[in-house]
Every structure is written in C-alpha cells, then in structure tokens.
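Colleague: Please see the structure below; I have some questions.
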Amino acid sequence: MKRDRDRGKPAAKPKMWVEPQPDAGLDDLFAVLGYKVKSSDMADVAEKLEQLDMAMGTTADDGASVFANDTVHYNPSDLSGWVQRMLTELSSPCAESSITKFINFSGDDDLSAIPGGAVFGSTGAEDSENGRKKMKAADGGSENPTLPRAVVVDSQDTGVRLVHSLMACAEAVQMENMKLADALVKHVGLLAVSQVGAMRKVATYFAEALARRIYKIYPNETLDSDILLMHFYETGPYLKFAHFTANQAILEAFAGANRVHVIDLSLREGMQWPALMQALAARPGGPPAFRLTGIGPPQPDNSDALLQVGWKLAQFAERIGVEFEFHGLVTNSLADLDAKIRGSDTETVAVNSVFELHQLLARPGAMEKVLDLIKAMRPKMVTVVEQEANHNGGAFLERFNESLHYYSSMFDSLESNGGGQDVKMTEVYLGRQICNVVACEGAERVERHETLAQWQARMDSAGFDPVHLGSNAFKQASLLLALFSSGEGYRVEERDGCLMLGWHTRPLITTSAWRIAPDCTH
Amino acid sequence: MVRLRAVGEHGREDKNTSKTFCINDNIDVLIEILKRLDDKSIGVAACVCRLWCALTRNDALWEHLCFRQLSPPPEGVRTVVAALGGYRRLYTVCVKPVLTRLRKMKSGGEMWTRHEVELSLSLFCVDYYERLFLAGGGGGGGRIAGDAPPSSLMFLCKAVNV
C-alpha cells in the first residue's frame, strides 16, 4: 500500500524545520501555508515533534483514536480550534477509541509548545468482558497539566491497525464470537474512514462483507452482472489480457484447419471473438469456416441475450468476410448441460473458459462432470483463464486473509487507472466477489478461486496435458500492458508455460492452455 | 471589356515553351510526396485545396503511413481494415496512440513490428464491435448509458505519465 499523505498535519517533515530562521518573528515558510509560527520556536517544535513521533511509534495496538485525514481545514491559522473540534467530534460518539489529551495553543503563535511526552503516554486500554475497548480518561499530562495534548495519527500506522482489526474480526467470526466480531466490525468501519484510496475501498468492502456474514443479511443484486463486466472490460488490461492470450493459443491450435468450432463456456457479450475472427481472416490462405457455441444463463426478463450477441458477432463476421455460424445454449449451470456438444469430425474444436470454471467447485461433483463433458467434445485446445488466488480453502480465516491480500492488490492496481465510471463499476464488480467469498457459504459461494498449482493438479488428474503459450502470446501481452498508463505496475510473468498478469509482485490472473492427454482413453 | 491582344498569342506560346510545372497537374507525383509525410503534415496538406483534401482522404495513403516501417507489409489485412472503417480510422484510433505510448516506453530500436500491428488490429476490432453494440441499441443488455462512446480504447487517449 502506498503511504498516504497526511493532510491537515501542521508540520509535514519535522527534520526540515530544525534550523531556526535567523530573523526573529514569524517563520515565513510556514506563513505561506497560513500558519503563524515563531521562528525561534522552531527547534523546540521540531524536537517535540520527534518525541511525538517516537511516542506514537511505541504505543501498542490499543485502538488509538483516529484523525480523519481528509478533514477539511477551513481556517488554517486557527490550528488550536481545529484540533479541538476534531477531538470533540471523535470523543463523543465512539466508545471504542481511546482519546487522550488535548492541546491548548495559547497566544497568537500556532505552535507554542506541543508538550513533550505527548500523545498517549499512559493509555493502556483494557479489554472488558465484552471485548469492547475501554476509554482511558487521561487527566492531564506529566509536564503541563492544563494543556491538552494533540493526537496526530500516522495514516500508515492506522493502515496497519486497520488490517489487524480486519483479521481480528475475521478470527472472531471463525470462532463464532459474534459479539466481539460485531464490535470489531464497527471499529474497522471507523478506521476505514481515515484511509484514502485503495485501502479505504478494500476495507469498506471487506467490512461490509463481514457485517453481512455476522448478521446473515445476504445481498440482492440490483445491477446486472453483464453490465458490470463490460465496465470491467474497459478498465485496465485484465480482461483484454485474458482474451488476447487465450486467442493466441486458440489461433495457434487452429493453424491449417478449414473448419473451426469454438465453445465459449460463458459468452457474455462476446468481446473475445472479434479479435480472433480478424486474426483468422488475416491469415494466409483465408479464413476458415467459424462456428461459435455460446453458453449463458437464462435472462430474468426472458429475452434471448445469447441470440443478440450471436447476431452482432454474425454482423461482424460478415463485414470481414468470415463464414460464421452461431449456436446459443442457455443453462443455469454448466453441470446441467447434458446435451453433448459434439461437432462434426471435420472440425477443429477449442473450448474457452474465462472466470467460469471456478464456480463449479460450489457443487460437489460438478467439476468432474464438466471436465468429462469437455473431453467428450474432443477439443484440440482448452483455454482456461482464472484468478490467481486460493479463495477456496477450508478455513474461513485462511480464505479471508488470502482474499484480503488479493483484492488489496487488485484495488491498488485499479488506482492507476484514474477515476471514471468504469473504474467505479469495476470496484462494484470486485466488491461483489469480495462479498461472495466472505459472506456466503455452501452452494451460494461461487467465487471459489484457486491457484495455478491447484488447477494444474486438477486438469492433470482429469486427463489433460499442458500446452505452452508461446512467445507470441507473451509479446502481445507485454505490449498490451505497456499501453496502460502505469506500465510500471503491471507485469507479465510466464510460469510452466502459462501467462500471469500481475501487479508488481502479485500475480492476479492466469491464462493456461490444455489439450487432451494422448494416452487418455476417455 | 475584352481586349484582344495580339501579343496574348505570343505570350501563350511563350508559356508553352517555358515548361512551368504545376503540381496539381501531376497527381501521381503529388501522391508520392504525400506518402512520405507524417500525419500532421498530411492534415495540413488537406487544408490546401479541394484536390489535396480529396487526395489525403485516399486510404492507400494512410495504409502506407500505418505500415511504412514494417517490411514486409502484412498481407491479408487490407480487406479487413477496409471493412472495419479504413486505414485512416485505424491510424487515428489505434496506430497513432499505440506508437506514441510505445515511443515513450522504448528509447530506440524497432518500434513497429508485427506484434504491434497485431495488437493494433485486435484493438481496432474491439472498437468496431463495441460501436456495433451501440448502433444496435441497448438490446444486447450491454451498457447502462446508451449514448456513451465505446470506451474500451479510451485508455489510449488518456494522457500517459511515464
């Protein structure tokens, strides 16, 4: 996580202001910012800020009070009034936070004497029987009994506390200690407000998901997931990476074929196929006859969404001169597909699954059934794109921690794409996944992501051999990532012939390719 | 009032013998020159006169601009590109942003290989397909705001801070 800049803190870097200015009177650098600070006090102030820093660093995890870092500071010269306001706001509503001392700035000098040994000093918050953090009323300080002391909290510190609180809450949920979990979830909500950017969003979503789990309120989806997916497609390179790398593998498998058949296990809007059709059209010798079978869920309004997508793809194919045929298969779950989608023997078949297979793990036996179904189609190539994380562990706490790290990286990478409606929708899309992983159980929990190693084991035992994605796919993927604004963050990594899209060191999405093992007798 | 000048005849004859060269009479030469320009210059050239404007709309010119550095030029691409909106659109929507971004990334060396071409073409297809969706209305159930332009390639238009 990026260190968030502390807004509202009077002195940004204490070490910078150590030398007092030669001219007495107000320090003009501070004056520019609107603070009236005597130059002669600067060394003193700096020293005390260092003590403040140290004192804060030594305080334990005792639920310290939090300054909302995005406070609007209307009157910068009235520093004492600001501090007072913030402290009174914070001390009244929440019983969990322990507020300590107050600062009273006397005189027209804004920074007269921040008392040394400030901040927490002797605040040891004890856990009561209920697990609520008690507020330790700190009456006066050691040096200046009448001067209240300021609590200025480092937001990175709060970030760490936030993560700890989230994990503590998850642990409480696992132990079924709902009262403690309830208290902690509220605490997390409070801490989350002090953060900015990715951390705040992640914490908010996880807190909401935990709350849903505790109170057993399950969400009802209002926004159509296809719409969210379209926005996800447009944000960042994630889905484009998935589509382009899978297409490259399919293209190579189709080399030399005259009739090809692609089975898409979740057609959605069919965004993957125009690029493949174009690549087929551009190959020397002309395009093959292209047949597409798209699978999708029934629509709530009984409209035939699959057919409409098929129609658009047909229009596209006609434009570029590719012979095209479309079939749509409507089903609630892949495991319910009994019809064997068998192509003719003259066709080369490819099966494609983008973020779809993991959902089968929610129903026992479904995965094996579908893999058998796929094998019955005799495909030359099976492309699988999945999230690279283990969100299917047995223990709730383990799943929680894994998903916290994964989605933190995802949201972090989203930050680099700026704002906009697409990003917001993508956050909602990811938020839904978070909710599913954390709050749901059993057949409802469909976001059962697994790592590449787990998929490799599964495909291997089902009778598939890995196919290495070539250097073409790697090059295309690297180029694609280079086009995105923060090309420094996104990475392509190759592992065992599979390609992974990652954010810095954390892999996020993996594309793998498979074929039926030659000695498999199924 | 028209004055017939006997001298005029002579003048014209003189003109014929002095061989003035007007570029607008030699369109093939003009096209050859235009082919060697970069996109901004072509834009400027388009503002010169109607003839030049019509010439710069010629897609072959833009095809040359797109694949100038690539040898051998990719085959089989022309029909596809023409069907999806032409090379001028390909250049504006895909090739130019891709090149600009990559130029910032790589300091030197080959910038325009077939990988970049393939990527540009893929993005071009995505763009066309999305416009198809919008043209067909929200019936596909794909978008919330039906009037929003396809934003799949908007990331290419955003300013890059490298």
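Backbone N, Cα and C define each Cβ position, glycine as well.
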Colleague: Between A:212-216, A:252-256, A:357-361, A:442-446, which stretch does TrEMBL give the note motif 'LXXLL motif'?
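Modeller: Of A:212-216, A:252-256, A:357-361, A:442-446, TrEMBL gives motif 'LXXLL motif' for A:357-361.
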Colleague: Which is it, of A:1-20, A:401-420, that TrEMBL names as region 'Disordered'?
Modeller: A:1-20
Colleague: State the non-local partners of the motif 'LXXLL motif' (A:357-361) in its own chain: residues 6+ outside its ends, Cβ under 8 Å from one of its Cβ atoms.
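Modeller: Same-chain contacts beyond the ends: 265, 333-335, 367, 370, 384, 386-387, 392, 446-450.
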Colleague: When the region 'SAW' (A:439-515) is classified with DSSP, how many of its residues are helical, how many are strand and how many are coil?
Modeller: 27 helix, 26 strand, 24 coil
Colleague: How about long-range neighbours of the region 'Leucine repeat II (LRII)' (A:308-340): same chain, 6 or more residues beyond its ends, C-beta under 8 Å?
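Modeller: Contacts of the region 'Leucine repeat II (LRII)' (A:308-340) (Cβ under 8 Å, skipping residues fewer than 6 from its ends): 265, 267-270, 273-274, 277-278, 280-281, 287-298, 356, 359-360, 363, 365-366, 369-370, 373, 376-377.
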Colleague: If I take every residue in the motif 'LXXLL motif' (A:357-361) and average their pLDDT values, what number comes out?
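Modeller: When the pLDDT values over the motif 'LXXLL motif' (A:357-361) are averaged, the result is 92.
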Colleague: Under an 8 Å Cβ to Cβ limit, what residues of the same chain, 6 or more beyond the ends of the motif 'VHIID' (A:260-264), are close to it?
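Modeller: Sequence-distant neighbours of the motif 'VHIID' (A:260-264): 250, 254, 270, 272-273, 276, 280, 288-295, 341, 343, 347-353, 377, 379.
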